[in-house]
Amino acid sequence: MSCTWDVWDEASWPAQLTDHIDRFHERRSAIEISLRVIPPRAPRPPSVSSPLSLPPSLSLNSQARHLFTPPGRPPRSRAREPLPEAEIEPGDREMERKDVGILAMDIYFPPACVQQEALEAHDGASKGKYTIGLGQDCMAYCSEVEDVISMGLTVVASLLKKYNIDPKLIGRLEVGSETVIDKSKSIKTWLMQIFEESGNTDIEGVDSSNACYGGTAALLNCVNWVESNSWDGRYGLVVCTDSAVYAEGPARPTGGAAAIAMLIGPNAPIYFESKYKASHMSHVYDFYKPDLASEYPVVDGKLSQTCYLMALDSCYRQYCRKYEKLVGEQFSISDADYCVFHSPYNKLVQKSFARLYFNDFTRNCSSVDNDAKVKLQPFAKLTSEESYQSRDLEKASQQVAKHLYDIKVQPSTLLPKQIGNMYTASLYAALASVIYNKHDSLGGQRILMFSYGSGLTSTMFSLRLHDGQYPFSLTNIASVLDVRTKLESRRETLPEKFIETLKLMEHRYGAKDFETSKDTSLLPQGTFYLTKVDSMYRRFYDKKAVEGKIKGSNGIANVVIILYLASNIAELMLKTTAQWFEYRRKEAVTTFYRGQNYEHSSLSHKEWTEQLFTGDGRADPKRMANSDSEVNYSNGGR
């Protein structure tokens, strides 16, 4: 049984209404009463520390505020009133949601790194094997006080601070990662510590995991949420965080580590062309992590490269078909101003763009010039499988596509070449490189994106860009990313130190009851770091103090500062208290001498006070006597 009563003022209620309420209250376990309440301003959600209590407007003992309609009265109109402005920031859920995409970005990568050239020499590899053969310059790695959780905490806190985002305005938090810390507890739950401090626990989303594709799954989830009827008007937040490490051998130089955060919402300067999205999913064992006792993967390098290019072909052809069906024109790489690829190593990115160029050749696109057609013609009759294994085709296509690669791809390679493979963050670090390098000329342009995760999952989609408005502008995003400064502030380590760190992490993987060195000398201020793992495998993190901020363990200097501030506050409170008592004393004397007809006097309260007191604040008997006369006169001689 369900009853819905609209409300009239308490003054119009019949006397017996209280009995009706009591009877309903006694039987509330069997009867559902829908109370339609439209308060003048919606209450804020309760804080984490405060108990959840019934709002005063819903209490049966409170003042009536349109809770019930008395018998015999016609029901009021049920037209819904608009939500208060404070409850619908940053946008009304009913508003037109256009240009949904990336509003803001930030990236964090560990300050410790090793040069690929030095690693070549240490490993006894031929000169250029890592720098030319892989196309990599440098590789970042986590020290023993950092992991994917600490990097995630750091980049989220940094983004919220730099863009001045209230944590309460985040409604969905999605994390992409393939680095397993816990087989049950998601990385997202650790990141919730930042939002719990502000009282915001109403945040949807969890982790997405499938090799390097999890970040794209997280991003698409957030975009789809904003575009759906489930959107509540708040921002989505995507975090991609990974540490790529490999066992000793040829794959070790393809490691790296980073975390990237992206704020998602409407009217974004980097927005999705969702209609043209294309995916390719398949079952294959090219790269996988079956040994849960080890952080290292099982890799079939040759198969993985073939799967990557096969998925790229499939996604590109489907993307072109969807574009041509909707637009009515042929699509080619000339319609994309930039092409951004998942970047395990730069050589694969070079091959990938050349592969798109070869696809345009087989589709007879105008983007392929006559000279290129002549050089590619000998490979026109190769089957798909044959083309993946042809080294001659690989070299020829890279050669004819080189001039376009330098324009459309090279700006995206800055971070991937310097940091290495960041797994889920790799594609979006490449995007960040484009934004950083070309932010002043990206308005109106299109970026073609290809995401790949072994096993396998892949998606191709495109982004459009416009300048945006501060703080969600391309210029400000580039400023916050501050890529060059972050790269230059890193600390280059010897290969021996890198290998020593990996051995320590091998020993600690899955371990419990240990403390880290807590050495934060390399870490920037405001960086989170791992302090210990207790006997129950629980992980604990701290934050490196920002210079100038007080932290309880910073020594005598902070004690002096605290005492100084406390003395100033105490002095101010004493002065304020003394002034208040003096004001109350004067007010009491003034009111007494003005008598009961104070309100009938032609003088203001201030004027009366000036009459009764001397300049030093003491009551003047002569002035009081005169005041009595005036009071008597104003009272008609009573």
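Cβ atoms are placed via backbone N, Cα and C, with glycine included.
Please treat TrEMBL annotations as automatic predictions, because they have not gone through curation.
Sequence annotations record features per position, and here TrEMBL assigns region 'Disordered' to 39-88 (among others).
As annotated by TrEMBL, compositional bias 'Low complexity' applies to 49-62.
Taken from TrEMBL, the feature domain 'Hydroxymethylglutaryl-coenzyme A synthase N-terminal' applies to 98-269. Note on the domain 'Hydroxymethylglutaryl-coenzyme A synthase N-terminal' (98-269): mean pLDDT across this stretch is 97.
Look at TrEMBL and you will find GLU178 (among others) tagged as active site, proton donor/acceptor. The DSSP secondary structure for GLU178 (active site, proton donor/acceptor) is coil.
For CYS212 (active site, acyl-thioester intermediate), the same-chain residues lying six or more positions away in sequence with a CB closer than 8 A to its CB are GLU178, ASP242, HIS342, PRO344, ASN421, TYR423, THR424, SER426, LEU427, SER451, TYR452, GLY453, SER454. Under the three-state DSSP scheme, CYS212 (active site, acyl-thioester intermediate) falls in the strand class. According to TrEMBL, the feature active site, acyl-thioester intermediate maps to CYS212.
The domain 'Hydroxymethylglutaryl-coenzyme A synthase C-terminal' annotation in TrEMBL covers 270-544.
Annotation source TrEMBL lists CoA binding site at SER304, LYS347, LYS351. The local packing around LYS351 (CoA binding site), expressed as other Cβ atoms within 10 Å of its Cβ over all shown chains, amounts to 19. Classification of LYS351 (CoA binding site) by DSSP places it within a helix.
Positions annotated as active site, proton donor/acceptor by TrEMBL: HIS342 (among others). Counting every protein chain shown, the Cβ of HIS342 (active site, proton donor/acceptor) has 30 other Cβ atoms within 10 Å. A coil conformation is recorded for HIS342 (active site, proton donor/acceptor) in the three-state DSSP classification, outside any helix or strand.
Taken from TrEMBL, the feature region 'Disordered' applies to 616-638 (among others).
Positions annotated as compositional bias 'Polar residues' by TrEMBL: 626-638.
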When you look at SER304, LYS347, LYS351, which the record names as binding CoA, what is the longest CA to CA distance in angstrom?
14
Below 8 Å Cβ to Cβ and six or more residues apart, same chain only. Which residues does that give for LYS347 (CoA binding site)?
GLY133, LEU134, GLY135
I'd like the Cβ neighbour count for SER304 (CoA binding site), meaning other Cβ atoms within 10 Å of its Cβ, all protein chains included.
22
Apart from SER304, LYS347, LYS351, which residues in this chain have a Cβ no more than 8 Å from the mean position of the Cβ atoms of those residues at the CoA site?
GLN305, TYR308, LEU309, PRO344, TYR345, LEU348, VAL349, SER352
